[in-house]
Amino acid sequence: MKVIISGGGTAGHINPGLAIAKYIKKREPDTEILFIGTERGLEARLVPRENFEIKMIKVRGFKRKLSMDTLVAVKELFQGLAEARKIIKDYKPDLVIGTGGYVCGPVLFNASRMKIPTLVHEQNAFPGVTNKILSKFVDRVAISFKEAEKYFKDKSKVVFTGNPIRSEMLEVSRETARKKLGIPKDMPLVVIFGGSRGAENINSTVAELIKRHKSDLGFYLIYATGEAQYDGIMKKIGEVKSPNINILPYIFDMANAMAAADLVVCRAGAITVSELTALGVPSILIPSPYVTANHQEHNARALERQGASVVILEKNLRPDILYEEITTLLKDRNKLSQMAKNAKSIGITNATERIYEIIKDIMKNKAAG
């Protein structure tokens, strides 16, 4: 079997694709898989790291306001459609999967027009524009939140699967992870990140928190700034001599970081929330207020209602508030343990298996009809 997977821009679109790819290879080792992405997206680095082939097309997202960028986006859309069609024609896939982001638009549209079996996966409770458009053309739409179904007109195509979790996220033990990361035996680990591109308000808050508590932090900290903001944040924080503070541009080994963590502080993107619950990790969630339909707060509140997370809205975020929330939770081991159990109880760990079964069903139906 030959499969094309397209999705990108942010890790939230790329990691589900990688999880699906690995599961397909596990079930059918002879499968050939090709990713299609853009040079600008994070997929240009993440996909090769996982030893999958990737080809690039030229396409970019549309801005809401009419400008020169809009004209460039239109030009690149037509270019991307042509490039995607050529790649598909040359590769001759048996199946094409989209995991969101503007790059999968030209790919899935072309595949559907070429009568190749197609599937899109939507990670969020409020579907993205690209997936809503593609839903009219593809064979199946896999959703991660049941609330998302109402946004798709043809309900017969929609199947609830949950979000794919990378297999390595489920295979690492806490003890092994802490040893690999060099976390002192009796020291709690807090992992903080704001997404693959970073988050300015979270970064400014955490930078100030570190400046104030360089010598008396009280826990081991792994903190990812996002690559674009790393240099500026390091300049703001100044010299950090503590061996218990590890500041990185990006956490490539998220499996070990999450498995080792006592507490995670992060945004409430769909994939992150799914990984937290699958692993049973307590969290402080700071939903992004800049996303469509405020879907991150909906994700965060769902965990809060289950007693798996504490939610701090960005408008209320300050260094003293965040530090107090972190230290209060770390001191109350019983509460932290209960939060972990609550998170685990709502996690879905077999989404990739569900998606694989849908894939087989699509291909069976295409072959029959």
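Any Cβ shown, glycine's included, is placed from N, Cα and C.
Copied from Swiss-Prot, the annotated features are:
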type    : residues                                                    : note
BINDING : Thr10, Ala11, Gly12, Asn124, Arg166, Ser196, Ile251, Gln296 : UDP-N-acetyl-alpha-D-glucosamine binding site
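Sparsest Cβ environment among the binding-site residues Ala11, Ile251 (other Cβ atoms counted within 10 Å): Ile251.
Classification of Thr10 (UDP-N-acetyl-alpha-D-glucosamine binding site) by DSSP places it in coil, neither helical nor stranded. Taking a C-beta cut-off of under 8 angstroms and a sequence separation of 6 or more, Arg166 (UDP-N-acetyl-alpha-D-glucosamine binding site) has the following same-chain neighbours: Asn15, Leu18, Ala19, Lys22, Ala255, Glu275. Look at Ile251 (UDP-N-acetyl-alpha-D-glucosamine binding site): DSSP puts it in coil. In the three-state DSSP classification, Arg166 (UDP-N-acetyl-alpha-D-glucosamine binding site) falls within coil. Using a 10 Å Cβ-Cβ cutoff, Thr10 (UDP-N-acetyl-alpha-D-glucosamine binding site) registers 18 neighbours. Other Cβ atoms within 10 Å of the Cβ of Asn124 (UDP-N-acetyl-alpha-D-glucosamine binding site) number 27 in total over all chains. Asn124 (UDP-N-acetyl-alpha-D-glucosamine binding site) carries neither a helix nor a strand DSSP state and counts as coil.
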